[in-house]
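Student: Got a structure for you, written out below as structure tokens; questions coming shortly.
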Amino acid sequence: MNVVRVAIAGFGGVGRATANLLLSRRDRYRRVYGTDIRLVAVCGSRSGLADADGLETGRLDALEPGLSGPEFIEASGADILIEAGPSDFRTGGPGLAYIRSSLSSGRDTIVISKGALVHSGPSLRAMARSSGALLKLSGAAAAALPTLDLIEHSLKGCEVLEVEGILNATTNYLLDAMTTQNLGFDEALGRAQAGGFAEADPRNDTEGWDTASKLILIANFGLDAGLTMDDLVVDGIQSITEQQIEAWRKEQRVPKLVGSLIRTGGAIRAAVGVRTYPLSDPLAQVSGKNKAIRITTDAMGETIAIGSGTEPLATAAAALKDLEHILTARAARATAGS
Ligand SMILES: NC(=O)c1ccc[n+]([C@@H]2O[C@H](COP(=O)([O-])OP(=O)(O)OC[C@H]3O[C@@H](n4cnc5c(N)ncnc54)[C@H](OP(=O)(O)O)[C@@H]3O)[C@@H](O)[C@H]2O)c1
């Protein structure tokens with residue numbers, strides 16, 4: 001049986017969920033792809049584990065100090081890297097070195113953190129093209145909500161004219177709570193933090209940066225746009241007042257934090273900010289921690305997807321969807337080469 005070795009760099013909530021889901025699906029990979037998937041290495045910032053025969057679930061709690069870094073992953077002999085470290089779009093974060101090292105040596109790479117892709121997306125794509133490695137990023141580009149998959153598969157051949165996305169679950173929850181439960185911003189945020197789905201420092205979400213990051217990934221990887229954060233106007237929800245909410249309620253309009261892309265005169269303009277929708281608009285119905293995307297194309301009109309899932313499982317599943325696409329592509333490559 002064909003053996004494919006997988007390593008995971010970044011072993012927090014998402015990295016661990018990905019490892020556990022991957023190990024629980026090994027029978028599926030054997031059955032559907034005729035492939036023995038082995039998890040050969042995992043690492044956090046300072047510790048890790050490696051075993052060329054494959055790690056099992058019971059061993060993943062005892063990481064060994066000193067086993068970390070791109071060289072550690074390189075030495076593990078992995079065929080595929082899953083990167084799930086912290087996200088920092090200003091520097092690229094620690095993921096950047098792992099992804100560069102992986103792509104430059106021709107290793108298929110699944111990226112879950114957004115930072116490196118926002119910071120250096122075009123150069124990472126070029127690196128993948130030149131080494132022949134596949135670069136996948138469903139986990140980074142809104143995870144359980146399909147975004148790039150819709151553009152690359154479902155709408156293939158169409159020209160995308162416009163994208164509107166409710167891409168951040170935390171801000172959607174906050175706006176929903178402010179609108180439907182009459183909570184102020186601080187009270188809604190306190191509830192989200194107590195529920196564990198808003199960060200202690202929520203500004204990356206509430207000021208719109210997380211939405212902007214996902215929008216850049218959709219634009220650059222889905223539409224070949226070449227945008228940087230400097231090209232975007234980014235507004236968040238932190239300054240929304242109870243008076244504004246009340247006025248929107250009277251007008252029967254629902255506020256959403258939306259990342260938007262519009263194609264005008266050959267260029268793509270991008271922005272993040274609050275838009276309001278009438279109750280009849282499907283985007284007005286996207287409640288709680290759900291996310292949504294509306295893509296308008298020249299030939300297929302409007303396509304809308306609404307999705308969510310329990311984290312971190314949903315993000316792990318998005319990354320492993322990428323893994324299955326890679327297994328399919330590898331099988332096609334092997335058939336073409338034989
Ligand atoms: N949580 C979600 O629902 C969700 C959804 C979509 C995308 N994401 C993205 O997924 C990524 C991981 O999220 P998370 O919730 O799992 O975060 P987390 O729990 O904070 O885990 C981050 C992991 O990265 C590790 N790390 C830091 N520096 C590293 C380095 N230099 N080399 C190797 N590993 C390093 C940390 O190691 P230590 O443990 O040693 O510090 C930790 O294991 C983030 O980029 C996030 O934006 C998360």
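Positions of Cβ are set from backbone N, Cα and C atoms, glycine also.
A TrEMBL annotation is a machine prediction, not a hand-curated record.
As listed in TrEMBL for this protein:
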- Gly10, Phe11, Gly12, Gly13, Val14, Gly15: NADP(+) binding site (BINDING)
- 10-133: domain 'Aspartate/homoserine dehydrogenase NAD-binding' (DOMAIN)
- Lys114: NADPH binding site (BINDING)
- 146-323: domain 'Homoserine dehydrogenase catalytic' (DOMAIN)
- Glu199: L-homoserine binding site (BINDING)
- Lys214: active site, proton donor (ACT_SITE)
Student: Just to be sure I understand the contacts, which binding-site residues have a Cβ under 6 angstroms from any atom of ligand 1? Candidates are Gly10, Gly12, Gly13, Glu199.
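Tutor: Result: Gly10, Gly12, Gly13.
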Student: For Gly10, Gly12, listed as binding-site residues, tell me which one has the smallest number of other Cβ atoms within 10 Å.
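Tutor: Across Gly10, Gly12, these binding-site residues, the one with fewest Cβ atoms within 10 Å is Gly12.
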Student: Please compute the mean pLDDT of the model over the domain 'Aspartate/homoserine dehydrogenase NAD-binding' (10-133).
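Tutor: Its mean pLDDT is 97.
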Student: Could you tally the C-beta atoms, other than its own, that fall within 10 angstroms of the C-beta of Phe11 (NADP(+) binding site)?
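Tutor: Taking every protein chain into account, the count is 22.
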Student: Taking the binding-site residues one at a time (Gly13, Gly15), which has its Cβ surrounded by the most other Cβ atoms within 10 Å?
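Tutor: Going through Gly13, Gly15 one by one, the largest Cβ count within 10 Å is at Gly15.
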Student: How far is it from Gly10 (NADP(+) binding site) to Lys214 (active site, proton donor), counting Cα to Cα, in Å?
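Tutor: Rounded to the nearest whole number, the Cα-Cα distance is 20 Å.
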Student: Quick one: of Phe11, Gly12, Gly13, Val14, Glu199, Lys214, which recorded positions lie within 10 angstroms of Lys114 (NADPH binding site), measuring between C-alpha atoms? Sequence order, please.
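Tutor: So the list reads Lys214.
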Student: Could you round the CA separation between Gly12 (NADP(+) binding site) and the residue listed as 'L-homoserine binding site' to a whole angstrom and send it over?
Tutor: 15
Student: Where Lys214 (active site, proton donor) and Gly13 (NADP(+) binding site) are concerned, what is their Cα separation in Å, rounded?
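Tutor: Counting only the Cα atoms, the answer is 20 Å.
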Student: For the residue listed as 'L-homoserine binding site', which residues in the same chain are close in space, meaning a Cβ under 8 Å from its Cβ, but six or more apart along the sequence?
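Tutor: Within the chain, the residue listed as 'L-homoserine binding site' has Cβ neighbours under 8 Å at Thr170, Gln193, Asp205.
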Student: For the domain 'Aspartate/homoserine dehydrogenase NAD-binding' (10-133), DSSP counts of helix, strand and coil?
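Tutor: Helix/strand/coil tally for the domain 'Aspartate/homoserine dehydrogenase NAD-binding' (10-133): 56 helix, 23 strand, 45 coil.
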Student: What are the sequence-distant neighbours of Val14 (NADP(+) binding site), meaning same chain, six or more residues apart, C-beta distance under 8 angstroms?
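Tutor: Residues satisfying the criterion: Ala84, Ile112, Gly139, Glu311, Pro312, Thr315, Ala316, Ala319.
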